[in-house]
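See structure below.
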Amino acid sequence: MANPASAADPVPAVTATGDPVPAVPATADPASAAPVPAGAAVAGAAAAGAVPVLRLRGLGWSVRGVPIVEDVSFDVGEGEFIAFIGPNGAGKTSLFNLISGIHPASHGKVELDGADITSEPVHARARRGLGRTFQTSSLWSGMTVADHVRLAAQAAAGPMASYRIWRRAARYAGQVADTLERTELAHRADTLASALSHGEKRKLELAVLLVSDPRLILLDEPMAGVSAEEVPALTALIRSVHRDLGRTVLMVEHHMDVLLGLADRLAVMHHGTLLALDTPAAVMADTTVQQAYLGEAL
Amino acid sequence: MIVLLVAPYSALPVPGLLDGSLGSPGSLQLIALCLVYGALATGYDLLLGRTGLLSFGHALYFATGLYATDLAMLELGFPFLVAALFGVGCSTALALLLGSVSLRVTGIGFSMVTLAFAQAGSILIQRNPGGVTGGEEGRAAPADLLPGSLVGIENTANLYWIALAYLLLTLALVRWTVSSPTGRVWEGIRENERRVEVLGLRPYGFKLVAFVLAGGLAGAGGVVYLLLTGGAAPQAATSDATLALLVMVVLGGSGTRWGPLLGGALYTWAAHRLGDLANSAAIADLPAVLRVPLSQPLFLLGTLFIAVVYVLPGGLAALPARIRAARTGSAAAAHTPEGGSA
Amino acid sequence: GTAGTTAADGASGTKSPVKVGLVYSKTGPLAAYGRQYLEGFKAGLDYATKGTGAVDGHKIEIAEQDDAGDPAKAVSGAKDLIGKGYRILAGSTASGVALQVAPIAAQNKVLFISGPAAADKVTGLNKYTFRSGRQSYQDIRTAASFIGDAKGRKVTVLAQDSAFGQANVAAVKAVLGAQGATVDAVLAPPSATDLTPFASQAKAAKPDLLFVAWAGETASALWTSLSQQDVFASTKVVTGLDLAASYPLFGPAAEKISFLNHYFGGAAGTVVEKAMADSVTKAGAKPDIFTPDGFTAAQLVVHAIEANGGSADDTAALVRALEGWSFDGVKGRLTVRAEDHALLQPMFQVKLTGSGAAARPTVEKTLSADQVAPPIAAIAG
Amino acid sequence: MTGNSLPVCGQGGADEALLTVRGLRVVIDGLHILHGVDLDVAPTGVTALLGRNGAGKTTTVKAVMGLVPRTGSIVFAGTELSGLPTHLVVRQGIGYAPEDRGIFAGLTVAENLRLAERDGAPAYRLVHELFPELKQRSGQLAGTLSGGQQQMVAIGRTLLNGNRLIIADEPTKGLAPKIVAEVADVLARVAESVPVLLVEQNLAFVRRLGGACAVLADGRTAHRGDTAELLADEAAARRLLGVGSRRPAGGSAVPVTTEVAL
Amino acid sequence: MSTVVLLICTGLGLGALYFLIASGLSLIFGLMDVLNFAHGALLSIGAYATWWAGTEGGLGFWPAVACGTAIGTLAAVLLELVLIRPLYSRPRDQILATVGVGLAVPALLTGVWGADSRPFLQPPELSGTVHVLGAIVPANRFVLMAAAAVLLLVLRLFLGRTRYGLVVRAGVEDRAMVTALGIDVRRAFTLVFAIGGAAAALGGALGGLYFGSVHPGQGTSLLIFAFVVVVMGGMGSVTGAAVASAAVGLVQQFANYYTAAGLGDLSVVVLLAVLLLVRPRGLTGRLA
Ligand SMILES: Nc1ncnc2c1ncn2[C@@H]1O[C@H](COP(=O)(O)OP(=O)(O)OP(=O)(O)O)[C@@H](O)[C@H]1O
Ligand SMILES: Nc1ncnc2c1ncn2[C@@H]1O[C@H](COP(=O)(O)OP(=O)(O)OP(=O)(O)O)[C@@H](O)[C@H]1O
Ligand SMILES: [Mg+2]
Ligand SMILES: [Mg+2]
């Protein structure tokens, strides 16, 4: 699992800036190396010369010496949708935590819109327009649905808006109504988050995200535990965020059919490294991915 | 509320609850103390119930207001009003300083750091540095520097008004700030701090605002307490004092509008009146097995407290809701459970 | 406003009662002192009113307020009593209580007779405040009497670094330092539980006299440490003898310590003491260190009321009646010094014989009231 | 909605059932979560418990285990369980792998397994044979295992003792497709010797294991019958489970590895 | 030199006393997540029971200690069964219930035996002194250290070697799941409470030796240092608590002696604050 080459040189020689072809780090393990044939320019990928929304270089994180994410480098272009797959424990959530600043990177660099944010705290990154959801629903259980959206709207108005202790809290009526409409939660506006069904909680997570209108959205298994019945609506919602609003989205998901309909590119993680990053078709065709992730068809 | 407004003019005896009529100085003093503690608990709940911060050192800011005001008069010769402003200023500044340090850690670590600071403050006061604090003896407030209308038993009603004003101020301030944009963030922090961060807000600053506000309110409480008790004593700074605030808040129901007030008043009333009960003739006549425990006010308070914890989870403020739930619950149980799960 | 107690007069059959309020520790850390005080007060009232409980037919009514050792509670209690028309307050087991209740008494112009509280500051605090017990200075003078000629001798004070300890150090410096002794101090934090290093430090100072001013729960640990570090072999050790329950705490060192003493049951051998002992024993208790403080307080109260024809309404007159009054008390001849309301009284040098539960005190020497009189303090306000 | 008439079809009659649940009701904090669940677990093979999100599947299983207050009749191999505390229910011979896996994150894999030992001869051979990974990682803290490995621990614990019934609640939740397939294999093997009560959202998985099924809706049993029959009946499946045997959402042109996503 | 030796020996003795109290607290706090404010009360019960058995009961010292520890253990079991067990689903109320007990028990002791210190029996064989490199160290300090060392060993064996340790560690993470493995977790928790209570009562009994007297507030006043030690050591780590105890005892003893105003307590709380600011999870880095 350890990668001596990258440990010695945390930022591998990367293709020149603006190269539309995603960088796939070579791994030391020849068995799992079999790199995906460098994909053709992908729809939505950054045009040559433009600064990518997100750029990772040699990003890594280890806990007590054990590497959990190793040497991940890639660029995400404006308006792109990248889906992450990989076996359990591959490091997908950990990678999202590194990008959003929940964990400090052990080595490597994270750039958002060309600015180096590697050492910035969570809230500073969020203020730059980086929004995310969590693998297990992370909500304010004692607050109502509308309150969630209001708080998010307030936060989006900048931190100073929240320090106005002498003012009455604004209602943000228009924004709240819009967002709840869009996420089909309007009828639950006054329900406590703890009383929502699983699928509704997932929608609420998205609502909180949407109202703050982030440039880059990280979604961690938004469909986990959602019953088959609710999957299509949620999928449609995510699609509209991506397509209609033109947001850049990174998403981890095990539901293959969902992400195949959404993703421009597919990233495969394995043992903390980026095994492949390419068009869905190319990735699905790859035997290494088949072995590592999909297994025999069920 | 209306009862609180007419209290000083009333000669109504309230047997059992109060010793003497409602308007007598002794009763007014006790009610005023109840109001002050009710307000202190309400301010403390800004941390505990509203922002989810368990501070074990809140008494420090109370004691700072108390001692700083007293010492400003005694040592610096400030007139009362200036000294009071100085006292509130000191406690606010101290809360800002220590809050900015202790809020760097979270969870039980935060509780313990606040405890450590408060313990240090308590030790300093006990140690009588430079003979200033009076050590275990405390310092009496100088009557000549206090306004004449606040000195003497015939002016107890004025002290009562001040206590009531302090309570109203605290209630209003807590209510106002809780419904301000900052209050909304506090609520978010209480429920899930990480999630607030992900929205782009740094919880630290908001927690500090709550901490400083609560510290300043506690300092103001110290000033009122100084007027009521005519002096500063080291008991005010002990960790027991913070623990008492915690007990009050929980007794009443944390995070509710009236709960902490209720809890603070009830606790204070019990602490004072249980002594009388413990010393009453009725108990002196009991056989030793009953008499010995019942003659200890702290024993009564402790047992009462345990009883409340068991019988009234959620505190006094949850009582009406519980009664309602019990009523409708039994009614619903009688019907078929058609509505089902939500 | 507070309606006075002047309603009824001597004309009608039953005369209006005189109300006296006691604010003292019924519970809390000083409850044992408080109990002695109360027992003494009842005995003193009985004695001074010759068993009638009344002065000139005016019954003396006692109301009690518990302060639990907390000045804030004491002030509330005092205010309650004053508000109910009490013009005489007595009590204060703890110095902090005395120091904070006295100003309240002065503000409301009522008589206040402080009890066992030993702080020197109470003397001369204001013109409404008197005391019925001894003060630290009298303790120190008694301790000084052990050293004989102090010139050129070395005295070390082993005390806790509290207001009580600091006051003792200051008093020793004032008394013995003035007589030519060199005085130094070993101060231990009040919260320190392991006192071995301080005992060893006190021994290393090699004083001619080691004065120990100690209060609180660690007393037993301190005496054990002093024995273990073998301080008694090289130095004369003086300390105050507290209530009877504390005798066993000195452990095996008991017989080697020279005690200064305010009072113990049987110390004085006076007629009044006999009366007090009888009365207290009849009530099922035993006279102890602070029983005389209660007894004396009752004597002062009754005298003040007597001098005013059974009324307590004119506080200034009550004060005038007490100032300079000299009378036979439990410990012998007592005088309320007019200048600062100090209570001049004899003190005792005491030895313990036997140790542990068997320790019994005996008086070695009685020091007259003049020998131990504190310097005159200026009355404030 | 579906009424109280329960169509009982196919095999799985109540007579020879190993576990018989009748009129199970659960009320938590005044909320009526289950109001009348009936369920039979056949003495062999897999019995699937199906239903939409929030139908009450997990609650039913927890009620059987005694983890939530319940009323009604729960008879297991002739013993009434409804009055028993959880640990005694388990000692009747029931192994339970809960929905959230119930791994003790702070304990090692070996300690997690050791905790589950109940009788003298724990079947470590069987467990290690099924999941060689657990043997290799026995010293690792369970909290650092990947989701799939944690699921292996959870299932392994149920196999350690000579249980007469194994209850697995959504053993595939959050698992990568490859692991889902592996878990299906394991359960199929287990079911050869011990009956399994399986709660599952993934219909492909259920179809693969076959056996009888019960479908819950709104805290009640809405259907009992054979799994294959139910899944073959498009209308019934749509009515009871909200889905038919449909194509993947999103209309991707890529040939998806079948219905893992369901 | 002899002063330093004396300070080290007495500091370790004090640390041993802290450990006797903190170990039980750490066990209960760390393993069961119960912030036990009644721990000081258990200590006082142990101390008074020992004192009572020794003086009124006329037992020798060691039988009295055994008796005191047994009664303290019994009290702990009662506390767990009657007050803590019904509140396992309400952790905050558990804390509050123990606060109530912490108030009531010392008051009860005061009511029965008075607020004053009672002299504690000092067996002659333990009241002597030992000469170490020129310092005269009270012998009972070494008794405390030995007791602390034995306790540490026993607790580590209990936690590491027996199934109970495992059950409790797992039970803290997820009580329901432990029962779902067929284990009667309540019995294990009662046992842990009993052990914690036994340690506290033993601390009380030997603390009487240390102080030479008992009084009702003794346990409560030591409790705050026990909390400090538990937090510094990293909640739930008995070894961490041992290290922290020794550190706190030494720091306190040295600071008391060498700083002018005797800043022992102050330096301990400052130490705690600094440690937590640098390492929020305490010495051993385990989280509650
Ligand atoms: N402890 C509880 N308190 C309140 N409501 C509960 C509790 N446990 C479950 N519920 C509610 O009961 C209903 C049934 O829950 P349950 O977890 O049994 O559903 P499920 O069928 O397992 O759903 P899923 O497919 O999402 O796992 C849900 O609406 C849930 O919100
Ligand atoms: N704090 C931690 N300490 C030790 N190991 C950790 C820590 N956090 C994560 N890991 C380990 O790192 C690996 C990657 O975890 P991560 O949650 O990123 O996986 P994932 O790809 O999101 O998996 P899944 O699909 O199951 O959610 C796992 O083996 C996990 O056990
Ligand atoms: Mg993940
Ligand atoms: Mg479920």
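From the backbone N, Cα and C atoms, a Cβ is placed for every residue, glycine too.
Looking at E:6-27, E:28-49, the range annotated in TrEMBL as transmembrane segment turns out to be E:6-27. If you look at the transmembrane segment (E:135-159), the same-chain residues 6 or more away from its ends with a CB under 8 A from one of its CBs are 2-3, 5-6, 9-10, 12-13, 15-17, 19-20, 23, 27, 125-129, 165, 168-169, 195, 199, 202, 206, 209-210, 238-239, 242, 245. Among the stretches E:95-115, E:188-211, E:223-250, E:257-278, the one making the largest number of Cβ pairs under 8 Å with the transmembrane segment (E:60-83) is E:188-211.
If you count C-beta pairs under 8 angstroms between the transmembrane segment (E:223-250) and each of E:6-27, E:95-115, E:188-211, E:257-278, the highest count goes to E:6-27. Packing against the transmembrane segment (E:188-211) from elsewhere in the chain are residues 13, 17, 20-21, 23-25, 27-28, 31-32, 36, 39, 42-51, 64-65, 68-73, 75-77, 79-81, 84-85, 120-122, 126, 140-141, 143-144, 147, 151, 155, 158, 164, 167-168, 171, 218-219, 222: each is 6 or more residues past its ends and has a CB under 8 Å from a CB in it.
Within its own chain, the transmembrane segment (E:257-278) is flanked in space by residues 3, 7, 225, 228, 231-232, 247-248, 251, which lie at least six positions past its ends and keep a Cβ under 8 Å from the stretch. Within its own chain, the transmembrane segment (E:6-27) is flanked in space by residues 36, 39, 42-43, 132, 135-138, 140-142, 144-145, 147-149, 151-152, 155, 192, 195-200, 202-203, 206-207, 210, 219, 222-223, 225-227, 229-230, 233, 235-238, 240-242, 244-254, 257, which lie at least six positions past its ends and keep a Cβ under 8 Å from the stretch.
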